2 protein chains.
Amino acid sequence: MQRILSTQLVAHEHETVTVAGWIHRLRMLKTVSFLILRDAEGLCQVVVSERQARELAEESVVEIVATVTPSEQAPSGVELTSPSIRVLSAVDVPLPFETHRPALSASLPTQLDHAALSLRHPARRRALRVAAAASAGFRTALEAQRFVEIHTPKIVGSSTESGADVFRIDYFGRPGYLAQSPQFYKQLMVGVFERVFEVGPVFRAEPSDTARHLAQYTSLDAEMGFVTDHRDVMATLTRTLDVMMATVAERARVETPKVPSEIPSVSFAEALRIAGAPAGEGDMTPAYERAVGEWAVREHGSEFVYVTGYPMRKRPFYTHPDPADPAYSNGFDLLFRGLEIVTGGQRLHRYEDYVAALTAAGEPLEPYAGYLDGFRYGMPPHGGWAIGLERLVARLLGVANVREVTAFPRDLHRIAP
Amino acid sequence: MQRILSTQLVAHEHETVTVAGWIHRLRMLKTVSFLILRDAEGLCQVVVSERQARELAEESVVEIVATVTPSEQAPSGVELTSPSIRVLSAVDVPLPFETHRPALSASLPTQLDHAALSLRHPARRRALRVAAAASAGFRTALEAQRFVEIHTPKIVGSSTESGADVFRIDYFGRPGYLAQSPQFYKQLMVGVFERVFEVGPVFRAEPSDTARHLAQYTSLDAEMGFVTDHRDVMATLTRTLDVMMATVAERARVETPKVPSEIPSVSFAEALRIAGAPAGEGDMTPAYERAVGEWAVREHGSEFVYVTGYPMRKRPFYTHPDPADPAYSNGFDLLFRGLEIVTGGQRLHRYEDYVAALTAAGEPLEPYAGYLDGFRYGMPPHGGWAIGLERLVARLLGVANVREVTAFPRDLHRIAP
């Protein structure tokens, strides 16, 4: 007999069907006992005998043959009755916590220690479905705009991008490093396909133990050639975000904010003024970001806001300066609900500009040889961005800690499971 | 003026247009000079003066305003005439090799040293477009079959899967390892979503320097619950491959082999007989795989063939044995044109079976604690597979070395660019 899913039951009233899944909950009331079965698509209620209920355990995997019976009490309008139950995989130890409560009551470390169990909770599943939908929307949007997907090396030979927060690896007896971003590679691939994207892991040996930092996260990277400046990049990002939000709404059934066709944009100097920062402040703090986020809602009804023109000294060496004021950059951040979730900008594209920028930074050229090669052999004006997937999902769902929206997070203290 | 792409020129006859791209080739003939411009979509021919040609260099990036003129000699039926040319990025060094010949003439190491240039060659671009299309088809097929995309850790705390070929990393002062596959995590996620997939990098510290091994490659992983045995997994893989091949044919305009609705399948013992292997041979060799591949074409007209029921001692501990003959497994390989490109099978799903399997293998349980947790808390019968993307693409295009279809390959000797 073909197994059907919980969501299909209503179409099979009065029929005998096979369902299968996990025992989400066992409820023994005075006169009746219920087994709530959980499968990939949802829950269904099964009327069981007290004896059946006593012999079963929550989270055991079962296959049930039963009759679909209309029921006004059952949440879906039907329940399963007269079940015969076959246990496929029995749980015979106490669970460290229950997964059927509205919220997981265990501490976050306990949840993460037992990720294989805590991820089964509906709230955690929803977060991962949102992440999957956001990635899918990202790819759909970019493929429609002629971007080509790439896969770039995660092991690199020099810790060039930012020496400090990098993981060292033993690469066949030589030193290697985990890539902190696909930055250099996606730029080189602009020379091949003009427009590229990658969805992949990036690694930061972040010594900071905060609610928004992970040692590995998923970066949604894009890079595009033949731009006039960073505003072309921002326009493409805005269109991409719009498709991402629509895909999340459709696939994960989560309410998503409207993405304005033109997201409000403020310069770094304006952002500081809005935040009431002291004159001469050199960078945005989380508090300033929150203030600018509130301003964007208040003044423009937008939960998204661009901050452009960060000081060059705060941006990496490959950042293109603002031609009108070279102390400032053609770089931008996108704040979503007051948190930076995207960094992007226009990059340098001429070999001689790279040599000058690295030399000014006191950097030797040799570790960058393979990277500079692409610029020596002709590269168009280009720019791109990186979206932090976990931060986006956390902000979308109003979750305070990125660890709650990550399947098996890695941080300063955690390398398992 | 809006830039248009080379492929759009035919729709603009007699108009003045702007194009932009790389100088693919400069040809100075006796009476006329040509500039062949390459952009993301193709090539176009520009009639230039000898003086213009002399001032330009191949691979420089240019923007050209010119008239679209019908031409019987031009490959696309039109050429650009009376161009004014603006150089966006000039090449002023000799190129290490030419990219406009039918084949790259430089040695493979030289090509890889200058990957930013060699990847611009049409054959290399085509391979990467095939890889992108295969990944896209993989996701499309699986999303349509209720699989959910996941992102799993690439840094793991124990080198459990196969101790030898693993990269060690310094994880905040503790030992860590790069994940050789998402195997454990995708299995745990079956407990969450029933069906999951991941497209991501995997890492093998392969000491072997062959044409089919890389230290990092892209693995197309899937795992599904509530299967009867490995044959359900093979059926899903077959449907997925069919969509992948159709997507490659459509998006990358490459001829792809037909995927039979039922791919021929032979047992390990039959495969050895077909290959003429001596009785008692314990494993398939590349030569045997080729022989079985030829047999499948000859007898079934199929370029794909499954080999099932490998001996248990040749498969990892999580492999489900064949209930009818527990010395053999419910594992399979898929050979494509005589090369193994997929490994898969049914896995153990009961906690006690894992304990028994690990104990029999003389392995301690402790390093597997986070993994075993999922099985302790209820897991359905399940199985899955992993496709090696680069191998698939190389086989599809008839390319001998996987390095030729990888953007920036990593191997025993190479960590840059």
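Positions of Cβ are set from backbone N, Cα and C atoms, glycine also.
Per TrEMBL, the listed range annotated as region 'Aspartate' is A:183-186 (candidates: A:155-158, A:183-186, A:195-198, A:335-338).
The ATP site recorded in TrEMBL comprises A:ARG204, A:ALA205, A:GLU206, A:ARG212, A:HIS213, A:LEU214, A:GLY388, A:LEU389, A:GLU390, A:ARG391 together with one of A:GLU149, A:GLU262, A:GLU270, A:GLU340, namely A:GLU340.
Cα separation, A:GLU206 (ATP binding site) to A:THR343 (L-aspartate binding site), rounded: 17 Å. Taking only the Cα positions, the spacing between A:LEU389 (ATP binding site) and A:THR343 (L-aspartate binding site) is 12 angstrom.
Of the candidate recorded positions, A:PRO75, A:ARG204, A:THR343, A:ARG347, the one lying closest to A:HIS213 (ATP binding site) when CA atoms are compared is A:ARG204. Distances between the Cα of A:ARG391 (ATP binding site) and those of the recorded positions A:PRO75, A:ARG204, A:THR343, A:ARG347 are shortest for A:THR343.
For A:GLU340 (ATP binding site), the nearest of the recorded positions by C-alpha distance turns out to be A:ARG204; the candidates were A:PRO75, A:ARG204, A:ARG347. A:GLU340 (ATP binding site) is surrounded by 17 other CB atoms, counting those within 10 A of its CB over all protein chains shown.
Neighbour density around each Cβ, counted as other Cβ atoms within 10 Å, peaks among the binding-site residues A:ARG204, A:HIS213, A:ARG347, A:ARG391 at A:ARG347.
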